[in-house]
Every structure is written in C-alpha cells, then in structure tokens.
Amino acid sequence: MKNDLMANDVFKMASTQFDRAADYLDLDESVRERCKWPKRLITVTVPIQRDSGETEVFFGYRVQHHLSRGPVKGGLRFHPNVTLGEVAALAMWMNWKCALMGLPYGGGKGGITCDPRTMSLKETENLTRRFTTEMLPFIGPETDVMAPDMGTNAQTMAWITDVYSTHAGHLVPSIVTGKPVELLGSEGRNQATGHGVAFTITRAFNKLGIDDTKATAIIQGFGNVGSHAAFTLSRYGVKITGISDVTGAIWNPKGIDVEELVKHVAETKGVKGFSGAEEIDPEEMLIQPCDALVPAALERVINKGNAAKLQCRVLAEGANGPTTPGADAIIEERGDIFLIPDVLCNAGGVTVSYFEWVQNLQHYQWTEQEVLTKLETMLEKAFENVYHFAQTNNMSQRVAALALGIHEVAKVKATRGLFP
Ligand code: NAD
C-alpha cells in the first residue's frame, strides 16, 4: 500500500513536503512513520440507477489520517480525477492544517470519482445517500465529520445528515459541517474559506507595505473558495483583474465586477462570455503581473513550467496543494514572492466548520459577526505564528506552517505512546 500511495503524484508531493518539515524537526523515526501514514483507507463501490434506467457503479473513498487529537475532519469531493492517493494526500494536509490552527481534530478527506456536471440533481442525491450508507460504520460526530469540497455543497451535507439521522433515529447535526443554516449549519460557513483567503492576503500585504486599495489580484477558480475570496477582496478595495474557471478565463485591467460575475455564472454555469471583461488564455492569466495570485481550483497548477514566470508579490493558496515541490524550490530561490501556504491560507473553512460542530454539540447558534470575528482572531494568530517561525528559523513559509502542525501531532503521538 505504501508503494501504491507513493505512485500517486499528489500523495508523493504531500509526502515530500512532510519529509522536509519532519527533517527540520528531527523527528524520532517511529513517531515520524506513525505521523506520515494514514490510519484508515476506506474504498467502497457506490452503485446507483442513472436517469436513463441503467445501473452505474462509482468508486468512493474516505481516508482518516489519524484520530490521535480528536475526530477526523475534512471535505468530500466529487470530481472525475478523484483517486485514493489524492484523497490520502488531502487527508494528510488536513491533519497539519487542523493542528496548526489548534483545532481538536485529525485530518480526513473523501471523494467519489464522478463528474457532477453531467449528473442530474436526483442522481447526485442518490450517489450521496448510497455513499453515506456505505460509510455508516466508519463515521460519527466523534469519529469522522465530513464537509463540502470540490463538486459538493451545503445540499450534499443536508443529504448526509438525513441518512445518518434516519439511521440514528434522531437528528444528528454534528455528523457534518457546511450544512444549510436552516439545518443547523453555521452562519458564515459558506463564505468562511474565501473570507479567510482574503483576510490572510491582506495580512501579507500589510507585511509587504502594499495598500489594499491600490492592489490587484488574479483568481483561478470561481467556486465556493474563489468567488468568496474575490468578493471579500473587492470589498477591501482590491481590484480583481483576472478570473478563470473550468469554462475559461476573463481579464479586465480596470477590475471585474464580482457581483455581476456571480449573476452571470448563476445563469450560464461559467465565467466564459461575461460581458464585463475580455477573454484571456487561462495559462497566460496566471503569469500576468498582480499583487496577489490566488489558485483556488486544482492541485499542481503552479509547477516548474510556470513558477519562474510568475509576476505576483503574494501567492495565496486557496486550493489544497496547488504548488508542486519543484515550483516551491524555484519560488524559494527567487525570494521575491510571499507564499501563504494552503494549510494556513484556506484554513478558514475548517475553522468555521469547527465552530459549526461546537454550536451543534452545544445546541446554540452564533451570529455571522461572532463567527467571522472569532475566525479572524484565530487566523491572525496562526498567520503570525507561521511568519515568526519562518523568519526566526530562516525557512520558507510552507516548511514553517507544516513544521508547526506536524510538531503538534508528533507531541500527542509521543505522549499517548504506542499500544500494545
Ligand atoms: P468548487 O467545486 O466550489 O469550485 C471549483 C472551481 O474550480 C470551479 O469554479 C471550477 O470551474 C474551477 N475549476 C475546475 N477546473 C478548473 C481548471 N482546469 N481551471 C480553472 N478553474 C477550474 O470547489 P471549492 O470548494 O471552491 O474548492 C476549490 C479548492 O479549494 C479545492 O482545492 C478544495 O480542496 C479547496 N478548499 C475548499 C474548501 C471549502 O470550504 N470549500 C476549504 C478548504 C480548501
């Protein structure tokens, strides 16, 4: 299994990042091995009847990296490229992210290899319900708490809540986070990840002496993370000059009207054809001059092929794993780009997920203002911790963030000891 995981490019990348940070920490070999490999890798088949009447069998995965510090927490992804190795990498990153943020969770991630864009609502619902049923022995509010990720949303979480609660015989809202607010979701969860991305960008601008109201940003991905990051950044006064999604890329040096673009995407399902901007090649868009570049879609999009050509001051990783180790090396060598690593940049999502879980366990609801204020306080603290650790130890922001997270996990593993 170790070899199978290492054969996956995304897992190999997460593993390389882990090794760099673990080398720096000089981790004891036994703790190091226990930190690195996932505790549980679950694969299930998910058969559903398509609208055509045919039966199709999908593959679904859930990886629970470890449960040493609490239940595992992490998204559920519906995408054609989902593999066990990718899910295992994403679970590992969630681990360090939760520990870095001081959340009482281990990392988890799940996914189904499917193309939700080609599925009807009913097919998606059936897929989600059947996957949840297959997962029932492995999930629970104290074991594994899912949340939305690429291709899933609040409605997906509502279906999971329904299946789990039906089996329990009573409503169990703490089984997932990112639920609709009327089903005891948290105020502020929907925009939390993008809001956090925008907040950490302004913290980086502050360190670099960049004025928000004179700054520009380019965003890859206009889903949950990208659209909310764009919206919050433009509220801070940052001009959004380029945005791309799966349908194409658009460009307007005078600034894209984000609210109008949201309406256009709601009508047409993509940014392509937006009248308030020109078309641009999506790859070219990434290397245009800007103050902040925000990859908020896929993994490995900043790589050896484009890292040397980037013209941004801040690289803000809204997506998980958007930068390859090869690109990291180039960026470190250049020394002119302030990297906000994914485990910090997009941690707003899991932090407000944690708030939602706490509210559900307490049967109490906080206001949006309370949620966002608490979120900013926690992000500010983590941002400063990473910044100072990196400065003090003369290391990259990525290694600093991972080392801080891994150190927390290693401490708990060493203290709990090895059984039997
Ligand atoms: P989403 O499904 O809501 O949106 C994904 C966006 O990426 C869409 O706009 C899609 O069109 C675009 N996209 C897909 N392929 C593309 C391509 N080749 N080029 C450009 N754009 C492309 O997903 P999301 O929830 O916004 O997640 C995006 C990333 O952020 C993922 O890496 C996810 O793991 C990460 N993330 C999400 C959350 C969250 O709360 N949703 C939290 C932390 C991290």
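The backbone N, Cα and C atoms fix where each Cβ goes, glycine too.
SER353 (substrate binding site) falls within a helix when secondary structure is assigned with DSSP. Residues or ranges marked as substrate binding site by TrEMBL: LYS73, LYS97, SER353.
Taken from TrEMBL, the feature active site, proton donor covers LYS109. Other Cβ atoms within 10 Å of the Cβ of LYS109 (active site, proton donor) number 31 in total over all chains.
Per TrEMBL, the feature site 'Important for catalysis' maps to ASP149. When secondary structure is read from DSSP and collapsed to three states, ASP149 (site 'Important for catalysis') falls in the coil class.
All protein chains shown were included, and the count of other CB atoms within 10 Å of the CB of ASN224 (NAD(+) binding site) stands at 23. Sequence annotations record features per position, and here TrEMBL assigns NAD(+) binding site to THR193, ASN224.
When secondary structure is read from DSSP and collapsed to three states, LYS97 (substrate binding site) falls in the helix class. Within 10 Å of the C-beta of LYS73 (substrate binding site) there are 27 other C-beta atoms, taking all protein chains into account. When the alpha carbons of LYS109 (active site, proton donor) and LYS73 (substrate binding site) are compared, the span between them is 7 angstrom. Highlighted in sequence order, GLY74, MET94, CYS98, MET101, LEU103, TYR105, GLY107, ALA147, ALA347, GLY349, VAL350, THR351, TYR354 have their Cβ within 8 Å of the centre of the Cβ atoms of LYS73, LYS97, SER353, the residues recorded for substrate, and are not part of that set. Between the farthest pair of Cα atoms in the substrate binding residues (LYS73, LYS97, SER353), the distance is 13 Å. If you compare Cα positions, SER353 (substrate binding site) sits closest to THR193 out of the recorded positions ASP149, THR193, ASN224.
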